[in-house]
Amino acid sequence: MSKSERPNQLFRNLNAKVASIPMVLTALVIFVGGSAWTVLYSFTNSKLLPRLNFVGLDQYYRLWSTPRWLVSIENLLVYGVLSLVFSLVIGFILAALLDQKIRFEDTFRTIFLYPFALSFIVTGLVWQWLLNPEFGIQGVVRGLGWESFSFDPLYNSDIVIYGILIAALWQGTGLIMCLMLAGLRGIDEDIWKAARVDGIPTLKTYLFIIIPMMRPVFITALVIIAAGIVKVYDLVVAQTSGGPGIASEVPAKYVYDYMFFAQNLGQGFAASTMMLLSVVVVIVPWAYLEFGGKKRG
Amino acid sequence: MADLAVSLPAGTGSIGLEASGPRGPKPRHVFSRRNIFLYGTLIVVALYYLLPLYVMVVTSLKGMPEIRLGNIFSPPLEITFEPWVKAWSSACTGLNCDGLSRGFWNSVRITVPSVILSIAIASVNGYALANWRFKGADTFFVILIVGAFIPYQVMIYPIVIILREIGLYGSLSGLVIVHSIFGMPILTLLFRNYFTSMPEELFRAARVDGAGFWGIYFRIMLPMSLPIFVVAIILQVTGIWNDFLFGVVYTRPDTYPMTVQLNNIVNSVQGVKEYNVNMAATILTGLVPLVVYFVSGKLFVRGIAAGAVKG
């Protein structure tokens, strides 16, 4: 892979080193330094300004006894599990349908993917309007004569997270479909022929032959979805602002509000450290699976 | 460590739709039961995906009385462009009543320099990593890629302090720097992989002819890799235009990008809700990435497949 000779002195290859200064600074100062700084200050009682006044795990005790944080975590878990499952299932089914030598494949793909070009703010605001109980879907169905019809996720704290889920799936499944479609196209035609010769039904071929073969694609999709789940913020801000009450709060919003509104930096740092921890929990097993075990071609 | 850097693209870079033709059994009859099921399902799903766009457009063309009486799916009886005009030039956020146009121009002033700066940094960096490797370069690269997975919330406050120290907190230049930093991992990966895949003889030949670091970059690498630059531009324009978090953290109300201003207009608590103006404003904000999407076609797919790692 290496295309250049390896210089020994500091000034050999100087231009390349100069060109890499932004990368080195970003890696060391922002990614490593910034994260370490936040973790360090999460053990202090910083309020309006960051101060190195250590209080041990106090911020974390307070965090885990704050109802709003617990609601945020619960929402993230429900939202996370459901969006993972639905994105993968819907994405795969759509890709499989598009993979049947159909006509207008490009048109369908363009339609399924266009929401992904839109920001979460736009997505959230459109679905806020569609789910408006007075004028939106509920209002229309009631107007048709079904007076008792009820579908107002954004105003019902028990199901508000599903309202956000609908919008998120609308926005994001197109991407997963694209990944899956690329994966399906990468599977050798001979596999299909062999399966047909053996008389294995299409559905069974998908479930027991194709999907296991697409393991790398599923893992990539999984990591992409998981990374997106932890970061979910804009969508909630646009669609519900965390309401009704605190029913649709998420951790990323908790961090932002405590850092920039509640002027309780310590809480914000502790909460963001918990977010970092959750990402580590997801990424480390993935990195181990991908790079630790057998090498892929 | 080097292994991680080298094999990352295998998981992400292999995603391209142009691999080969469709698979699966051949269609037999036009109106077979299978075809009816297949196309029926696809059309229903396509309608579901198009519905929000349709409702947005229809709502933005109606007057408020019609919205209160009719249903959101019915086409406008009387088409009016007033909501669009109002959204663009006189919708209110707080005390400012100069519409979304201010946010639009802010977003332009943020997006253009951010796209140029981030691509300039990342392409030169990717070139150095691919062709001029030095000791330790891969270590920083791995940190950079792993860092792309750290939630932004962990790093936003340290960056606030840094920007405040150098006097750029709240300014557009500060936000441009932030976008360049967070665009770096994915763009560097993109360019590094592309330059690595270029024939080595080219680089060797140029070296023999006496070309240096910058000479090879500007005269050989840059002209030969225009497609990847287009992919990077698509990725960055949509990504930066759609950003909300950095905009709201690192700018002030008068320099808010379009997404932040849109959210403030629509979710403001004062006054009567004007749904038609809100929807017109929403379309206006989504218009730039939508145009990029429909114009760029397959390149967009390549761009987001590469950028998907960013999450």
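Quick reminder: no glycine exception, Cβ is built from N, Cα and C everywhere.
In TrEMBL this protein carries:
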- A:73-288: domain 'ABC transmembrane type-1' (DOMAIN)
- A:21-43: transmembrane segment (TRANSMEM)
- A:76-98: transmembrane segment (TRANSMEM)
- A:110-130: transmembrane segment (TRANSMEM)
- A:159-184: transmembrane segment (TRANSMEM)
- A:205-230: transmembrane segment (TRANSMEM)
- A:269-289: transmembrane segment (TRANSMEM)
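The recorded stretches the transmembrane segment (A:269-289) and the transmembrane segment (A:21-43) share 3+ CB pairs below 8 A when only pairs 6 or more apart in sequence are counted, and are therefore in contact. Sequence-distant contacts of the transmembrane segment (A:21-43) (same chain, six or more residues past either end, CB-CB distance under 8 Å): 50, 52, 54-57, 59-60, 265-266, 269-270, 272-273, 276.
Remote same-chain residues near the transmembrane segment (A:76-98) are listed as 105, 108-109, 112, 161-162, 164-165, 168-169, 172-173, 175-181, 183-184, 206, 211, 218, 221-222, 225-226, 229-230, 232, 250-251 (criterion: CB distance under 8 Å, separation of at least six residues from the stretch ends). When Cβ-Cβ distances below 8 Å are used as the criterion, the transmembrane segment (A:159-184) is approached by residues 75, 78-79, 82-83, 86-88, 90-92, 94-96, 98-99, 109, 112-116, 118, 120, 123-124, 126-127, 131, 153, 210, 214, 216-218, 220-221, 224-225, 228, 232, 235-236, 239-240, 243-244, 247-248 of the same chain, each at least six residues removed from its ends.
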